[in-house]
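Participant: Please read through the structure below; I'll follow up with questions.
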Amino acid sequence: MRPVLLVASALWGVLRADAFYLPGAAPHDYVLGEQVALFVNALTPKLMNGEDNRLKSMINYDYYNPKFRFCQPEEGPIKQPESLGSILFGDRIFNSPYKITMLNDNRTCQTLCTVHDVTGEEAKFINDRIKEDYELNWLVDGLPAATMKADTRNGEVFYDQGFNLGNYDAELQSPPSLNNHYDVMFRYHKPTPNTFRIVGVLVWPSSIGGSQTEHATCSHELSVPLVLSETHNQTIRYTYRVTWNESDTSWATRWDNYLHILDPRIHWFSLINSIVIVVFLCGMVSMVLVRSVSRDISRYNAIDLSEDVQEDWGWKLVHGEVFRPPQNVMVLSVMVGNGAQLCAMVAVTLVFALLGFLSPSNRGSLATVMMVCWSLFGGIGGYISSRVYASLGGTNRRKNSFLTATVLPTIVFMIFFILNLCLLIAGSSGAVPFGTMLLIVLLWFGISAPLSAIGSYFGSRKGAIEHPTRVNQIPRQIPPGPKYLRPWSAALLSGILPFGAAFIELYYVLTSLFASRAYYAFGFLALTAGVVTLTTATVTILFTYFILCAEEYRWHWRAFLTGGGSAFWLFGYGLFYWATRLSLDSLSGVVIYLGYLILLTLVDFLATGTIGFLASYWAVRRLYSAIRVD
Ligand SMILES: *[C@@H]1O[C@H](CO)[C@@H](O)[C@H](O)[C@H]1NC(C)=O
Ligand SMILES: *[C@@H]1O[C@H](CO)[C@@H](O)[C@H](O)[C@H]1NC(C)=O
Ligand SMILES: *[C@@H]1O[C@H](CO)[C@@H](O)[C@H](O)[C@H]1NC(C)=O
């Protein structure tokens, strides 16, 4: 009886919402008077809400960048350990001089420090950052300090990560003012009378001008804002006041306030838009392919009783050509292999995200999982590349295996290196440190490459895929086809549909990548990815059918291009986003944005091109194994 009870109570514990913890997020129980560590992260530019607001910079700055002149801890800044993904995404976490202890000093005004001799040059640097809408990012017990905001749509209150460095309104023409006072509210939950858990950190920053040396008051209502002079030295006093506020929010649900989806209607609209596109496409495909193909096949295969010589027409004409190896088999197979590796990475990462493993309290877990998956799926890349290579008649297997394992990582790494150089020159803290670079090289060339070689070995042992028809000795002449079937116009035309299914979600992804907005709508993202896959595959099959009907048998490269067509639209959309949502003054900002955009486009091109190619390959084999060739 007792084991049953134990199991039952364990099950009950798992099912109860507040007993379910995501991995790596066990609660920290504070006792009364225990020190609460406050960490500071890099300052980031923010895209303010509003129609015509623009993101003004691409660069993160260390909190302890000497030009900010923020108060330093007595023992000096100490860097905190971080995960790989967290470093790649620009987190630079340090300790801070704030002395906060659980439930003490409730609402007392405290001076953090007074900074003397802030020069005009430093003041100008700070003022420029205020004009660029920079935000401070603090972390307490894994939670980001946030500003309390109300959703304009339904008045729901939510926590928006980060808070303003200063205040500036370009329209009012008033000078920027620096926030030198922070009203911090810690919301705590009491699971038992003597344990306390932090479930929310809110900051109301304000600017207190006037004399910076007299007794601190912490009341900003009566004072003028602190405007820094860019011509002479000045003193800045930093003050803060802590409020402890008890909350009903339990530890398990403490992130809910942060993960507010601003306008779910837009995501739903995007989803419905994609589903309409898919239904429309499936309708078209079933009409065109299923009906006409089955009609074609039954006509081709009909036994001609009258013994008249039957004229062949349509796609059957090229049965002796479709499996003729294309040009540059090596390049194509390497691209397909790498594309397959990327697809597998995206799919598994999305599954992880959907299952809730990428908890926001594990900072950078998304990027870490992506990097690790990419490395581990080297085997898939090698296997598919070598099989495609063999099937298309390639013979230099070693070279294929080598190129699959090295070319893409090298290209990506080179772009990454240039971006890093730009960040370094711009004085940004977002530049990835040397040790992390080394770790990435190790991950790619130490894990991914050997796995890719092993995959290649198994792929070439398995050998080529059998083709249903034989290739003629002498190539056929190709009649001129219609304009819309030329490779580039086909790519652009076919790219519209997958892009159209994804572009609304894409806006949010770009905004979270570049404007440090949190993105947690993984459910929507996964569905959108599914729709894009389906759309890309069907559109490419459709176009391949059309070109075969036009007696153009060089379909391999066209299928890849047609599948990857959405990447061109993605690039165009990135430029549009730049024109409408960003206003980058510095050259380094432009280079960094374009660099990331090119990386994104490249990844999209390889992934969707691979989907298109493999889907067409499958369809062509099916098509030609259904007909009787004499
Ligand atoms: C301003 O401050 C700098 C150092 O921060 C100091 O070297 C300089 O002498 C100061 N200028 C005046 C006029 O006090
Ligand atoms: C802190 O002060 C506020 C307002 O004075 C009060 O409502 C709150 O209960 C206090 N919290 C604690 C833990 O004493
Ligand atoms: C504590 O938080 C609740 C909910 O936000 C609020 O209603 C209450 O006024 C807060 N208490 C203090 C002292 O600010």
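Using N, Cα and C of the backbone, Cβ positions are placed for all residues, glycine too.
Feature table excerpt (TrEMBL):
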type	residues	note
SIGNAL	1-19	signal peptide
TRANSMEM	268-290	transmembrane segment
TRANSMEM	329-355	transmembrane segment
TRANSMEM	367-390	transmembrane segment
TRANSMEM	402-426	transmembrane segment
TRANSMEM	432-458	transmembrane segment
TRANSMEM	490-510	transmembrane segment
TRANSMEM	522-548	transmembrane segment
TRANSMEM	560-579	transmembrane segment
TRANSMEM	591-620	transmembrane segment
Participant: Could you give the residue numbers and ranges of same-chain residues that sit at least 6 residues beyond the transmembrane segment (329-355) on either side and whose C-beta is under 8 angstroms from one of its C-beta atoms?
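Facilitator: Those are 366, 369-370, 373-374, 377-378, 380-386, 388-389, 392-394, 396, 399-400, 403-404, 407-408, 452, 522-523, 525-526, 529, 556-557, 560, 603, 606-611, 613-614, in sequence order.
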Participant: Given a Cβ distance threshold of under 8 angstroms, which distant residues of the chain, six or more beyond its ends, lie next to the transmembrane segment (367-390)?
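Facilitator: Beyond its ends, the transmembrane segment (367-390) has Cβ neighbours at 83-86, 88-89, 329-330, 332-334, 336-338, 340-342, 344-345, 348-349, 352, 357-358, 397, 400-401, 404-405, 440, 443-444, 447-460, 462-465.
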Participant: Residue list, the transmembrane segment (560-579) vs rest of chain: Cβ under 8 Å, 6 or more residues beyond ends.
Facilitator: 332, 335-336, 487-488, 490-496, 498-499, 502-503, 506-507, 510, 532, 536-537, 539-540, 543-544, 593, 597-598, 600-602, 604-606, 608-613, 615-616
Participant: The transmembrane segment (490-510) and the transmembrane segment (402-426): do they have three or more Cβ pairs under 8 Å, with pairs 6 or more apart in sequence?
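Facilitator: These two stretches do not touch.
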Participant: Out of 268-290, 432-458, 591-620, what stretch is closest in contact terms to the transmembrane segment (522-548), meaning most Cβ pairs under 8 angstroms?
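Facilitator: Most Cβ pairs under 8 Å with the transmembrane segment (522-548) come from 268-290.
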Participant: In the same chain, which residue numbers or ranges, 6 or more beyond the ends of the transmembrane segment (432-458), come under 8 angstroms Cβ to Cβ?
Facilitator: 84, 87-88, 337, 341, 371-372, 374-386, 397, 400-401, 404-406, 409, 413, 416, 420
